[in-house]
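Student: Have a look at the structure that comes next, please.
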Amino acid sequence: MSRAFLAILQRDLVLATRAGGGGELALVFFLTLVVLVPFALGPDLNLLSRIGPAILWLGALLSVLIGLDRLFQSDEDDGSLDLIRSSALPLELAVLAKGLAHWLTTGLPLALAAPLLGLLVALPAEAMLPVSATLLVGTPALSFIGAAGAALTASLRRGGLIVPILVAPLTVPVLIFGVSAANAAIGGTIPFLTPFLILCALSLIALVVGTIAAAVALRQAE
């Protein structure tokens, strides 16, 4: 069972890191968005510093959304999903492996890139690591909420157009507490730990509920 789990995880990691696999696309989109926004806002560094956390979080959210349609759709198209359904590995564990691979190739690189990109949005030096930490613990929620949405549309021909519409409203709490924790790190009115711990809880809830919901949706689509 553990071998099957690791095989799915390794396969998705390899596919995501290949050219056109989606992993690098999310990072490039994130970089592009964060680089362009300061040009649009102009030379007001105070404004840029105030909304910097929101820019990073919104960029991370959009970067995760653009590749979600590939999470199950390609497996449905080539028949891999049927093999996963018929294997001895519980479908929940297969979904967990795919969601984890998605986070490792999207959310994790975004969190690691955040300190460097924080320079572009005039984040204070002491806030860069806390802001990156919010992305590190918050992006798993985006991946597993997205997994549930991707599973619902896996059998649809144009499911990629529907996934962001389904998933985006469900990610609003993650976005709110992610930005709140990041703002607290740069001198907000609330302690950093309060929204940060809520963000951690949201990721844990999304991991469990999103995995189960995605597995149920994939079973119903058989």
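For all residues, glycine too, the Cβ spot is worked out from N, Cα and C.
When I checked TrEMBL for this same protein, it listed these features:
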TRANSMEM  21-41  transmembrane segment
TRANSMEM  47-68  transmembrane segment
TRANSMEM  100-123  transmembrane segment
TRANSMEM  129-154  transmembrane segment
TRANSMEM  161-186  transmembrane segment
TRANSMEM  192-218  transmembrane segment
Student: At least three Cβ pairs under 8 Å linking the transmembrane segment (21-41) and the transmembrane segment (161-186), pairs spaced 6 or more in sequence?
Tutor: no
Student: If we call contact 3 or more Cβ pairs under 8 Å (sequence gap 6 or more), are the transmembrane segment (47-68) and the transmembrane segment (192-218) touching?
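Tutor: They do not touch: fewer than three Cβ pairs between the two stretches lie under 8 Å.
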Student: By a Cβ-Cβ criterion of under 8 Å, what residues six or more beyond either terminus of the transmembrane segment (129-154) are in contact with it?
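Tutor: Same-chain contacts beyond the ends: 53, 56-57, 60-61, 64-65, 68-69, 71-73, 75-76, 81, 95, 98-100, 102-103, 106-108, 110-112, 114-115, 118, 123, 160, 162-163, 166-167, 170-171, 174, 177-178, 181-182, 185-186, 192, 196, 199-200, 202-203, 205-207, 209-211, 213-215, 217-218, 221.
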Student: Would you mind listing the long-range same-chain contacts of the transmembrane segment (161-186), meaning Cβ under 8 Å and 6+ residues beyond its ends?
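Tutor: Residues 49, 52-54, 56-58, 61, 65-66, 68-69, 123-124, 127, 130-131, 134-135, 138, 141-142, 145-146, 148-150, 152-153, 192, 194-196, 198-199, 202-203, 206.
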